[in-house]
Ligand code: PMP
């Protein structure tokens, strides 16, 4: 038996075992080619079938209407931070950014590098260490705003917009750390982007979903080719050599997600995991202290908490590792513990962790 741990890393993160096993089986002889998928031309019919299936599964799982294009790009969320203003904030357009965490702040800074004061801050909770999301009454959104940018899940701080920001403007959203955690209505979204390395597959693929009217706004023929969304859309994400192996794994993950009942089933499991984990933190409120100050804002993907002392945090991480659970050390700027419970983490994995947490209190509380 291969040794596998319970993986709570924040990203790259664990992937569903059947998706990896499929890759293992097909590694040396992909689709009867006598080659691995990494060794086959991206213009071959065998690769093309994978590419098309990855696009189709994304549409199907997310229930995307026909007026959305799915793109499989590179450069991670970081390249998107720049591509979005380069393509969309042209001709004097302005946008409002909601600053709710480390990554939302980075997105805003990068956009300002491109578009200066056409990028405005709609709200920020930085003064409160981003330990909550802004309320609807705190959002300042201009009448002239082309879009409102937000980060649906704040990976570092452990907050998540379960109800999206209240505005009638289109959204542009970084969903890197919670894409496909549940079904949702995409109709208000002009553009969604997500690095694959949490809920979708390996790093190196950036899933981008763009509405046709947003694509039309991208008149950007003066930009270097790779930076133009329109070109990628016209070429079906085959303008240049795509990250073929990453897209292949993403296809395996999505095919597996479909086989277990799609996003509805995944949401049920994610909600159960959240109940178990937050239930444990609240049950031992004198010992485990959550980072997020508003319960409604608590993320179902990243759960941050502290033990009574930094020494106990370290002991917790070490003992969990001995018990086969890895990736629990908190983000460097926050400390404490961070448990990432992306889609591939099972209810049973979280039950194991919660059993360990209960026991840890008994021994150290
Ligand atoms: N946005 C969010 C919400 C993230 O969690 C991350 C990665 N942790 C990033 C952006 C940066 O992603 P990348 O490294 O793929 O550029």
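Glycine too: its Cβ is placed from the backbone N, Cα and C atoms.
Automated prediction, rather than curation, is the source of TrEMBL annotations.
Just so it is clear, the model here is predicted, and its values are computed rather than measured.
Residues 103, 174, 197, 240, 241 are recorded by TrEMBL as pyridoxal 5'-phosphate binders, and the candidate that the same record lists for that site, out of 125, 155, 159, is 155. DSSP assigns residue 198 (N6-(pyridoxal phosphate)lysine) to coil in the three-state reduction, outside any helix or strand.
Close to ligand 1, meaning a Cβ under 6 Å from one of its atoms, are these of the recorded positions 43, 103, 198, 240, 241: 103. Around the Cβ of residue 241 (pyridoxal 5'-phosphate binding site), a 10 Å sphere holds 10 further Cβ atoms from the protein chains shown.
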